[in-house]
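Colleague: Here's a structure for you.
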Amino acid sequence: MGGAVTIRVGVLGARGKVGQTICAAVEAAPDLELVATVDKDDALETFTAAGTEVVVDFTHPDVVMGNLKFLVENGIHAVVGTTGFDAARLDEVRGWLAGRPRAGVLIAPNFAIGAVLSMRFAEQAADSSNPSRSSSCTIRTRPMRPPAPPTGRRD
């Protein structure tokens, strides 16, 4: 019988409120190992030096693209919880990935499984009922409150 596979995980925005929760969840998981944490004043090279395989990015829309470009260029997979992705940004990420088949990126601006599934089901409904997908969308509402101060790397 083979040994258990452990995934080497890093967290971007690690000192923020959500980042701290993500770090705790990674540390509690038996098949994950937290090997690197990076925040706004830390070097992204921390991830490559630690042999990080996957990075969870929960930073800020102003810095997420630079973070992602670094990760993709270095063959590090990314799970992104940062918001602010429009069609142009998604196309840019796709372009980076086209040249780097070793890296994968999952952009999930809401980590709640219900929200992620709702977005996926809306996409499937749009595909089956409206091939142009021009009139389907998912709207998420929540109480308005000021955003938390940004964490993560600043360029």
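Note that Cβ sites are derived from N, Cα and C of the backbone, with glycine treated the same way.
Reproduced below are the annotations present in TrEMBL:
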- 128-141: compositional bias 'Low complexity' (COMPBIAS)
- 144-155: compositional bias 'Pro residues' (COMPBIAS)
- 7-111: domain 'Dihydrodipicolinate reductase N-terminal' (DOMAIN)
- 124-155: region 'Disordered' (REGION)
Colleague: What mean pLDDT does the predicted model reach across the domain 'Dihydrodipicolinate reductase N-terminal' (7-111)?
Modeller: 91
Colleague: What is the three-state DSSP composition of the domain 'Dihydrodipicolinate reductase N-terminal' (7-111), stated as helix, strand and coil residue counts?
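Modeller: Counts, helix then strand then coil: 39 helix, 24 strand, 42 coil.
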